[in-house]
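Undergrad: I'd like to ask you about the structure that follows.
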């Protein structure tokens, strides 16, 4: 396993160019060279498949050799969703050895392009979410989620509108009142690049409050962590990000929750929805799974069955709880329609911004 | 992109000699002007890219996505000119020395091209023939280009190294590498 | 002394045989995987996440910490021996470490790195225990204008690595800045120099640039000028650090943490900038300036110590604020959540056993790592005795594996080769390599912080200097720039004084 063990260490002093050794080698060359070449060729051809027998009968929910692509870096949201889902599916005995791997780039667009390129591959799935829908549009990707085979939506998460504990804004009305007066002076921080969920949420908020989205001073941060420091230090007037990451800071009082962006209040948190505060916003981030285009009906059904069984398993239920994810299970066609609607919404918001 | 020796350049003062040979000698002597030309080209590229960018998005603040590229592009142009002036005045960049390097001999372009070719071939082959084969060819090809002629030993070392690396990454660590044409057949 | 008592309880947890075993397994796995090309600590921790699933939380995190620090120890090994850094924190180690290895002082370079990691980790963890709440508060107070001021300071520092010809150093820096521009603009999502390719949209990773310029560039350059005939193996030399080496490096080991630790605690891009600043500081302070670039041992010791201490700083922000400042911290945060534990303001109250057990295990892990790596240094160094064709073929092979394993895209290999050819050309015409790498690291950071600061102040330039911290840094910069002038003026005044007296 150490890197050393496979660095070649030629025996003795037979360094290249040493004349005596060279002559000896030439003498044997007639017999030994073809043998060596044959051996090497056999080794590289035969050893990998023999050593990689990812067996398991192709029955029931088993999909031997299933690979799960994560279109962003380790530690990101899609990564955690994918690794948790794969682990739970294995623990529940649904299938062996799901291989999870990362192919990050351009907010998930690189992964999406690769997935669409794997036409007809029934042993591949990709973890994705609203961010990929936005990134594909804002990067003007030639491939969209309409090109994929929708499998299922798994979880959803509301965004929260938060300020630091020493912020002058005590309610969402105060904040939006001040924001309306001078949108430029009230920078809003979010954990995603333009086109991502944390960017869309404040834009929808602005639209509902009668602020032209173009006037909004949106400051993108590299993930929720970097954003948190800026909210706590009052560098930005307020922050908008997923509820999961800030649960503890809200509970400990370091962050004040002004509102949640979804249709109903978050259990255990004391904050109104934007809707009940009079702003017509209904925004929820979500994550799901898609497969490459052109897979057979049987393959599609098999993937959906696997996800359905996973959804029903106690392991997954437990994971939902520990991670604080809301269940939002939706499969197949219905998920496809949902994807379409989300795509249209993203396009309409981005158009207003001129992205 | 990095064979400035052959770059014919018109930057700076014209060649002093009249005959073809002295012109060539002059160019050889001043081949570093090629670096200036490349920097100039890079600067023009960066500036073109920056200036043709359509910034329709509401840009906040005085500094937009164009500002820094423009500054870098202008910097490249300035440095290109300064470097050319320096070379024409007789300044020379010192080629890097080192333990394994013998600067007294002329450059061995054949080896460099071979190595670059082998590397490029690996990039092309890795998906169709898989990592174990492409990796073994990369190691063997490089060792061959660098003068190792143990035809009985090198292929085996290369194959062994490649297969072990494949096993460690693909099977032990779960970092997927393409396995080759026989995957799923055997 | 509350922290002290809690720490003692923590040692009670960490020193139980079972937890000691997990720490040992963690450091072993971490070192082994960190040594592999293309796999840095973040990747190592993510890959080994499933291994820890079966354990109870305390054991799992003790193992995690071992993997994290182990991967950092291991990462500098490939940097020094093969010139192929596996992650950005190890880039600086290659600059002095690899020339040392080529000169037969590989064992010393590795030992200096191992002790540097040990010293940095120890001091960093002590600072973590003593200062965690204070540092966490300060980290939050530092904002974009302050980061930008630090970047300006770093750019001033670059002038000291430009090499003998300023103009060629600047050319190299600008090449680096140009490479840094490639990709999506972080603030607006605008594509720059991507030529419509999605593969280039995330920019070119600094590790690819470093491996390309260092390893591929050097392999090609050596190939063009390989000393034929006398295929003498690289001498192995003495296996241990000599007294002279220790006398040169002990100050560097102790200085590193004070640069690395604060940077780890703030979200400013991890260990890249502190290792570079430590490198420049050591170069300024060194009495052996002529050795720099050819294998100055301080240039390995200081930055490695800073890198480990920055890892400790990272843990401060992660444990007390739930604020991941690096990719590794983000993965660890995810791991905490797997166990239903939320790092952040309430963690120390809710899970004191786990937190203090984890901190105590950092000390334990550090001792284990030193005991593991110091004897291994001469063993690793012997690797370089293999014949030249195999050595350089191996370097090309591992550079390719590293580049491909990260993204799984063949186009990464092409990018690597192109950057390698640029590195070849730079060597031919005496453009120093280092400024280009620094340009790739600093350029995007500086631009982002500048624009973020201006955006937060809604376009007012005053927003760049409206914090005490940024003003202090700019004051420092003025001093550094003005100091040579002042010194000259003082000398003149003094001489005149002497003349008058005479």
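Backbone N, Cα and C atoms are what each Cβ position is placed from, and that goes for glycine too.
TrEMBL labels come from automatic prediction, so no person has curated them.
Sharing the feature lines straight out of TrEMBL:
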type	residues	note
TRANSMEM	C:20-49	transmembrane segment
DOMAIN	C:20-437	domain 'DUF112'
TRANSMEM	C:61-82	transmembrane segment
TRANSMEM	C:109-132	transmembrane segment
TRANSMEM	C:144-161	transmembrane segment
TRANSMEM	C:167-184	transmembrane segment
TRANSMEM	C:204-224	transmembrane segment
TRANSMEM	C:315-336	transmembrane segment
TRANSMEM	C:356-377	transmembrane segment
TRANSMEM	C:389-407	transmembrane segment
TRANSMEM	C:463-486	transmembrane segment
Undergrad: Do at least three C-beta pairs under 8 angstroms join the transmembrane segment (C:356-377) to the transmembrane segment (C:144-161), pairs 6 or more apart in sequence?
TA: no
Undergrad: Counting only pairs 6 or more apart in sequence, are there at least 3 Cβ pairs under 8 Å between the transmembrane segment (C:109-132) and the transmembrane segment (C:144-161)?
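TA: With fewer than 3 qualifying Cβ pairs, these stretches do not touch.
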Undergrad: Which sequence positions outside the transmembrane segment (C:463-486), separated from its termini by at least 6 residues, show Cβ-Cβ distances below 8 Å to it?
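TA: Same-chain residues near the transmembrane segment (C:463-486) but 6 or more away: 141-143, 145-146, 148-150, 152-153, 156, 450, 453-454, 456-457.
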Undergrad: Averaged over the domain 'DUF112' (C:20-437), what pLDDT does the predicted model reach?
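TA: The answer is 82, the mean pLDDT of the model over that range.
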